[in-house]
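Encoded as structure tokens, the structure appears first; notes follow it.
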Amino acid sequence: MGDCVAPKEDLIFRSKLPDIYIPKHLPLHTYCFENISKVGDKSCLINGATGETFTYSQVELLSRKVASGLNKLGIQQGDTIMLLLPNSPEYFFAFLGASYRGAISTMANPFFTSAEVIKQLKASQAKLIITQACYVDKVKDYAAEKNIQIICIDDAPQDCLHFSKLMEADESEMPEVVINSDDVVALPYSSGTTGLPKGVMLTHKGLVTSVAQQVDGDNPNLYMHSEDVMICILPLFHIYSLNAVLCCGLRAGVTILIMQKFDIVPFLELIQKYKVTIGPFVPPIVLAIAKSPVVDKYDLSSVRTVMSGAAPLGKELEDAVRAKFPNAKLGQGYGMTEAGPVLAMCLAFAKEPYEIKSGACGTVVRNAEMKIVDPETNASLPRNQRGEICIRGDQIMKGYLNDPESTRTTIDEEGWLHTGDIGFIDDDDELFIVDRLKEIIKYKGFQVAPAELEALLLTHPTISDAAVVPMIDEKAGEVPVAFVVRTNGFTTTEEEIKQFVSKQVVFYKRIFRVFFVDAIPKSPSGKILRKDLRARIASGDLPK
């Protein structure tokens, strides 16, 4: 019998902060409102546009009323509802109400085209849509065909219910719901490391764990308290905002100031008026703050925490923003929808903060494990060596909805979620992201799936082949550009192709440049060699 070789141990990294107790058995809504006895009469939500304010007790009660209203409309435990909404108080009531009902919320971008919304409606099998009147036309025909109820938060068109009907329901008529911690509560859509958008199943346990990793314990990684005012400018259909603002904000008892869309002057006015203390942002907002000359006219001294996520932030931009917020700690977090979403967070935000390095995106969150692996061999790597970032813990997704194959390629047999991002962990446990294995393009923090745009381009009668890759852009971070092979004899122009795409997709998926080539580089198995195309862009070797 040959020698027995011991398996090589994984090199696993953990947070500098000690693990904490996490009440993973609690439903998400119970967990978020667990401290309501201390904050019940305090302002919970402020509508920035109108000044309307809701206390914690009112938000909790209205959420239970919405749950009862959903029940009366026939929404059962395990059913899915779609939130097709901008940021608004109703977003909170609808999401939390669905959670109380034991239902699932799938969040869709209201700027999606009709085709994009319907694709998500079909995939998620949503039974009800909560939206605004201006978006009803996108879904009304499909909803009528499938007998899906539409509810509007403003003036309800014909055949639509008004959201007030849900808020007027009697919460005492809501039947008791027994929620399993492994039940799905949120279903955002993400392209993951490759391919088309897929439903990401986030459970009660997963979101409770993710929120606790950030804001719970004696020394929270993200220190927030009941005197804080947090601005909600990031769209709640994005998991970063849903988690870091809605869930973390409620758990920590902060006041959440809601803005529908980013506009620099109203944004600065609200920060000054309400003395905002916490700003969860993305790089395009950080860039606007750094470059806008009007910023200096406003008093931003109340802001103590500026966190940036969804895409990396450069050192120069970090320094420019620090100058605008004199009393703020600035740092980055790193997330991925499938990871719940937070993998790493800056320890400068902790109650007892640590010194951090510029350009780092934090250290791995508590109650989780991280490793860096060689993308070719899957062997774990030591500090300061670049490899694929992997995360393991209760916060990660249950899997992709109805897609076991994609789930298996993302979460391995040992429970490690493979992110498709390349990075390294330094001697001080700080994580740096340097590249991306995955195909996703990040436009202002929004995901763009190349496969989706390639499939669309190939429906054009004069295009025989196409590939979509990112190009660096100062304002957007990255923009999608297309390499296109024209069908023999056709002289289709760049502008014609750009218009063809823009009519069918949301604004951030529009093609910014089209380069005509004789062939798309591919591997022997037929896979597009995106690295070759990215290298051509980087070197400036582009067709005229």
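Any Cβ shown, glycine's included, is placed from N, Cα and C.
Note that the coordinates shown come from a computational prediction; the quantities given were computed from them, not determined experimentally.
Arg436 is the residue from Arg304, Arg436, Arg510 that Swiss-Prot records in the ATP site together with Ser190, Ser191, Gly192, Thr193, Thr194, Lys198, Gln332, Gly333, Thr337, Asp421, Lys527. Swiss-Prot lists Tyr240, Gln332, Gly333, Thr337, Met345, Lys438, Lys442 as (E)-4-coumaroyl-AMP-binding residues, and of the candidates Ala310, Ala368, Ala455 the one it assigns to that same site is Ala310.
Those same-chain residues not listed among Lys261, Lys444, Gly445 yet with C-beta within 8 angstroms of the centroid of the CoA site C-beta atoms are Leu234, Pro235, Phe262, Val282, Pro284, Ile285, Phe446, Tyr508. When the CA atoms are compared, the binding-site residues lying within 10 A of Gly192 (ATP binding site) are Lys438, out of the candidates Tyr240, Gly333, Lys438, Lys444, Gly445.
Sequence-distant neighbours of Lys438 ((E)-4-coumaroyl-AMP binding site) (same chain, 6+ residues apart, CB-CB distance under 8 A): Gly192, Thr193, Thr194, Thr419, Gly420, Asp421.
Listed binding-site residues near Met345 ((E)-4-coumaroyl-AMP binding site): Gln332 (candidates Lys261, Gln332, Thr337, Arg436, Lys444; Cα-Cα distance within 10 Å). For the region 'SBD1' (263-332), the predicted model reports an average pLDDT of 90.
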